[in-house]
Amino acid sequence: MDMGNLSTVTQFVLMGLSDLPEVRYPLFVVFAIIYQITLVGNGAILLALCTERKLHTPMYYLLANLSLLDIFCSSTTVPKMLHNLLSGENSISFLGCAVQLYFLVALMGTEVFLLAVMAYDRYVAICFPLRYALIMTKVRCVQLVCGTWAAGFLNSLLHTVSTFRLSFCKSNLVNQYYCDIPQIVALSCSSTYMAEMLALLIGGIFGTSAFLTTLVSYVYIICTILRIQSAEGKRRAFSTCASHLLVVCLFYGTAIFTYMRRSSSQDSLSRDRLISMLYGVITPMLNPLIYSLRNLEVKGALTRVLCGGACSRQAEH
């Protein structure tokens, strides 16, 4: 193939969630509401954790970072999707696509590492309660969180550079409502071997190590809980990690379902775009609901923050 005769792609066209124009506005309303719930829910969690001094502990410091990640992650893809639904214009510049992919992969990667750190935190709290304060100090907690953010963004830098160093001269139609590595690599007209191997190698090492850390931590946690004699003791121990366990199952479940069932038929590709919503849109909305409903301390802090605001407004009137 004569590469000199091929035009270079300067922008991509995102397929969107549906090919039917009549559902654009209903979809806009639905996802605008979901996005608002995500922002308000995670923002309320952050406000409650910042204002409630007794929640200034490693566990809730990690939860605050999770809420921050959920806000950033949704904001990476949803505003552009809403703009496209409203305007009917699905194009995104080459640079815009690269920036979106970089931050999306960085934030998702950081969340994978953060969930592993949160699992380790619960492991220490349940398996070594007397040594918890010595192991999970504020300094150690800050170091772990900074490490998760640094690892996530470094991992994304490697993937983004390897992906956008490819030559794009075929179709510029991205079969997704956001820029993601598999869809962008599929559009390349040059060899994708190195990019695919890097994605498998780096993603495999980082992803597998984080997943195994989470899995092994919960194996030890469950074994420790089962050894507790009293039913009340088991209930109290499990309640400290139940919310996080639900979030882990939701995150990994939707991620595996999104990335492990790629197919080529048009009907399946349309379903893949809808299923990917679970991973990038629905999960960030559900996380604050899980923690506010399952965790009594967070629920109490949210109630005090909301009631405090309502009381102060009544006092002003």
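Keep in mind that glycine also has a Cβ here, set from the backbone N, Cα and C atoms.
Automatic, uncurated: that is what TrEMBL annotation is.
Sequence annotations record features per position, and here TrEMBL assigns domain 'G-protein coupled receptors family 1 profile' to 41-291. Confidence for the domain 'G-protein coupled receptors family 1 profile' (41-291), expressed as mean pLDDT, is 87.
Per TrEMBL, the feature transmembrane segment maps to 25-48 (among others).
The feature transmembrane segment is assigned by TrEMBL to 60-79 (among others).
Annotation comment: TrEMBL describes 99-120 (among others) as transmembrane segment.
TrEMBL lists 141-158 (among others) with the feature transmembrane segment.
The transmembrane segment annotation in TrEMBL covers 197-226 (among others).
The transmembrane segment annotation in TrEMBL covers 238-259 (among others). Note on the transmembrane segment (238-259): residues 59, 66, 108, 111-112, 115, 118-119, 122, 125-126, 182, 211, 214, 218, 221, 225, 272, 275-276, 278-279, 282-283, 286-287, 290-291, 294-296 of its chain, located 6 or more positions outside it, place their CB under 8 angstroms from a CB of the stretch.
If you look up TrEMBL, you'll see 274-293 (among others) marked as transmembrane segment.
In this chain, the transmembrane segment (60-79) lies out of contact with the transmembrane segment (197-226); the count of Cβ pairs under 8 Å, excluding pairs fewer than 6 apart in sequence, is fewer than 3. Across the candidate stretches 25-48, 60-79, 141-158, 274-293, the maximum count of CB pairs under 8 A to the transmembrane segment (99-120) is reached by 141-158. Remote same-chain partners of the transmembrane segment (25-48), defined as residues 6 or more beyond its termini with a Cβ less than 8 Å from a stretch Cβ, comprise 17-18, 55, 63-64, 67-68, 70-71, 74, 78-79, 81-82, 85-86, 281-282, 284-285, 287-289, 291-292, 298, 301-302, 304-306. Outside the transmembrane segment (274-293), and at least 6 residues removed from its termini, the chain residues within Cβ reach (under 8 Å) are 17, 31, 34-35, 37-38, 41-42, 44-45, 63, 66-67, 70-71, 73-74, 77-78, 104, 176-178, 243, 246-247, 250-251, 254-255, 257-258, 261, 299, 302. Remote same-chain residues near the transmembrane segment (60-79) are listed as 31, 34-35, 38-39, 42-43, 45-46, 49-50, 100, 103-104, 107-108, 110-111, 114-115, 117-118, 121, 141, 145, 148, 177-178, 247, 280-281, 283-285, 287-288, 291, 297-298 (criterion: CB distance under 8 Å, separation of at least six residues from the stretch ends).
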